[in-house]
Amino acid sequence: MPERRPFVRLPTDVYPVNYGLCLKPDLIDFTFEGKLEAVVEVTQATTQIVMNCADIDIITASFAPEGGEEINATGFNYQNEDEKVTLSFPSALQKGSGTLKIDFVGELNDKMKGFYRSKYTTAAGDIRYAAVTQFEATDARRAFPCWDEPAIKATFDIALIVPKDRVALSNMNVIDRKPYPEDENLVEVKFATTPIMSTYLVAFVIGEYDYVESQSSDGVTVRVYTPVGKAEQGKFALEVATKTLPFYKDYFSVPYPLPKIDLIAIADFAAGAMENWGLVTYRETALLIDPKNSCSSSRQWVALVVGHELAHQWFGNLVTMVSSCNLSSDISSVIRMLHNYIGDEDFRKGMNAYLLKFQHKNASTEDLWDCLEQASGKPIAAVMGSWTKQMGFPIIVVDQEQVRDDRILKLSQKKFCASGPHNGEDCPSWMVPISVCTSEDPKCTKLNVLLDRPETTITLSGVASDQWIKINPGTVGFYRIQYSSSMLESLLPGVRDLSLQPVDRLGLQNDLFSLSRAGMISTVEVLKLMEAFVNEPNYTVWSDLSCNLGVLSSLLSHTDFHEEIQEFIRDLFTPIGLELGWDSKPGEVLKHGDSATLDTMLKLHKQADMQEEKNRIERVLGAISAPDLIQKVLNFALSEEVRPQDTVSVIGGVAGSSKQGRKAAWKFVKDNWEELYNRYQGGFLISRLIKLTVDGFAIDKMAAEVKSFFESHPAPAAERTVQQCCENILLNAAWLKRDADDIHQYLLQRKAPPV
């Protein structure tokens, strides 16, 4: 495995105050010319300036101290693997401010990062390209030489020289648009000065788009840009955005700081969306909704992503968290628990103080805890320290006894691990806000305590013996729960008669499923709980349930009783199926399809106008079962027909649908590794591809095979993913060994006629 180079910060002897940036992209040759005029501050005399720079060629560079003579740089030394360049000057640049001028050229790459090209087809069927940006985390340096670290903030004055029939957008509003003297087909578009901001939030887009526009109630112009002819599909997101902006403004008592915000759908886009200040970029499926044909889960997804990106306009953009604690991806769940613990009013007060104190600056997580602690008077820093400074989360083990009219609860905590509980000497412990409700009123919390030690006993008075107890109502706490079997038993009727809230029904099932996977309880316990969901009306609960059943089905595809679990799943889905109607819609017949069916699907794919519909087809293609057709689907994944960002879900669909598919997909990834790796060049899509392809294996020797393949084909950005996948394969294998017989027995006796 090649060593990953340690991250070294840029020297601090020169820092930027303002970037004046003019870019002229060529949408035919896929190159761009750039001119940078940056106002910089020299803090101590130096003969060199070190900046970030990647895939850019500098033509000339000079430095002019304020009121002094211009000094030309005599050398550009590129440290390519560090993505840095050192500009050398013949004499020392003195302390004080000055202007750094750099002329450079770069390429509009096809790697979906930096300043890149995105392919689209016009209504007339011509293939054209847009030029767009994606700078997070460190790709602004592919568009212009800069100090590309989030903490080094500056203002930006951006100008773009573009064909006059194209739309040109950036973070700020257009302040000037004039003909370009050297070419009458071009115009120069100038944008207003940005606030002080990090480089990763800078954005520009040049292409052909339609838009819908509205004003939020606080006077911000909101536009949603769509492919030409699809303006109608931007209306849903526009409505979400115009309602969300004033909500955040009121919630945080801090106005949105720019005059406009644009949301734009980009055809080739690696992430779901990116919160560039004032110009938020989205995958088409995360922004566009066809009022007639989009399904409700797509609407949910668009609303969620739009809301999330707009929240970033305050958190991240206005105040940038340059965090010392390596925050986990679960931080939003921890914040939700914190919000519940503090209470809404004090939470808002604390957030407002934080935003005002640190606006246009950098803050640390500790700064946020301090503001929340002052607002609430609760030990927030201590509580949150226990969550952010150590890995993982706890499992709370609960037992109970009844003493007359009192219910005594015994609670203890230990670290939850996917491979079972952590039972070492040095067991970490958390400060866990715990709430409890009873069947008397499942919506209302009866008791709140802070569990700040390994174990404790609490008494609930006035709880009759026939009532059930639920820990963590609303499932706001970020921990799993292991109930004693009698407590669990008593909760089943609450699932059946739906008196337990939907989010609690989901949480109960999800916890139990994880516990069985970790070997802390038998999978049979989970199957018994799952059977209680026969009357379940809630879509979100079903989608989690079916996801877990999918994992189980995939695991048991390695056994000779796969058909029995399929039957179990069919029984569980029958009532809701009868209610919703079971007629197969086009495309649900695929599993048993032949090559004619596949050809029909591929034809539908070609004709589909919505990216959402194309993606839907791409995801189900893997369900086909004939080996030669599976191969055809895999080859299709790498064809021109599929956008590079979506290749991953086609291959993933094949891997996830059957035992044969899994083998074929893994072989395909190995055979085409060079091309796939080159496509995503260490972006996060490569991690996703690996996860989707190998996560379903459940034989020890496969873990070794995966490990050795990636030892000889290193993918540094996916190192952790490969490790996790190997662990998952071993966990799956252990799970099968442990529980397969019990599951089989249970599935058989379910069907046995009563004696």
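Each residue, glycine too, has its Cβ placed from N, Cα and C.
Annotated domain 'Aminopeptidase N-like N-terminal' per TrEMBL: 16-201, in sequence order.
Annotation comment: TrEMBL describes 236-322 (among others) as domain 'Peptidase M1 membrane alanine aminopeptidase'. Counting residue by residue with DSSP, the domain 'Peptidase M1 membrane alanine aminopeptidase' (236-322) contains 37 helix, 18 strand, 32 coil.
All protein chains included, H308 (Zn(2+) binding site) registers 16 other Cβ atoms within 10 Å of its own Cβ. Residues or ranges marked as Zn(2+) binding site by TrEMBL: H308, H312.
Long-range Cβ neighbours of E309 (active site, proton acceptor) (same chain, at least 6 residues apart, Cβ-Cβ under 8 Å): L263, A273, M274, E275, V280, Y282. The active site, proton acceptor annotation in TrEMBL covers E309.
Per TrEMBL, the feature domain 'Peptidase M1 membrane alanine aminopeptidase' maps to 332-387 (among others).
Annotation comment: TrEMBL describes 468-587 (among others) as domain 'ERAP1-like C-terminal'.
For the domain 'ERAP1-like C-terminal' (589-729), DSSP puts the residue distribution at 111 helix, 0 strand, 30 coil. What TrEMBL records for 589-729 (among others) is domain 'ERAP1-like C-terminal'.
Contact between the domain 'Peptidase M1 membrane alanine aminopeptidase' (332-387) and the domain 'ERAP1-like C-terminal' (589-729) does not hold: fewer than three of their C-beta pairs are under 8 Å, each pair 6 or more apart in sequence.
Secondary structure of the domain 'Peptidase M1 membrane alanine aminopeptidase' (332-387) per DSSP (helix as H, G, I; strand as E, B; remaining residues coil): 46 helix, 3 strand, 7 coil.
Residues belonging to the domain 'Aminopeptidase N-like N-terminal' (16-201) score a mean pLDDT of 95 in the model. Listed in sequence order, the residues of the same chain lying 6 or more apart from H312 (Zn(2+) binding site) and placing their CB within less than 8 Å of its CB are E275.
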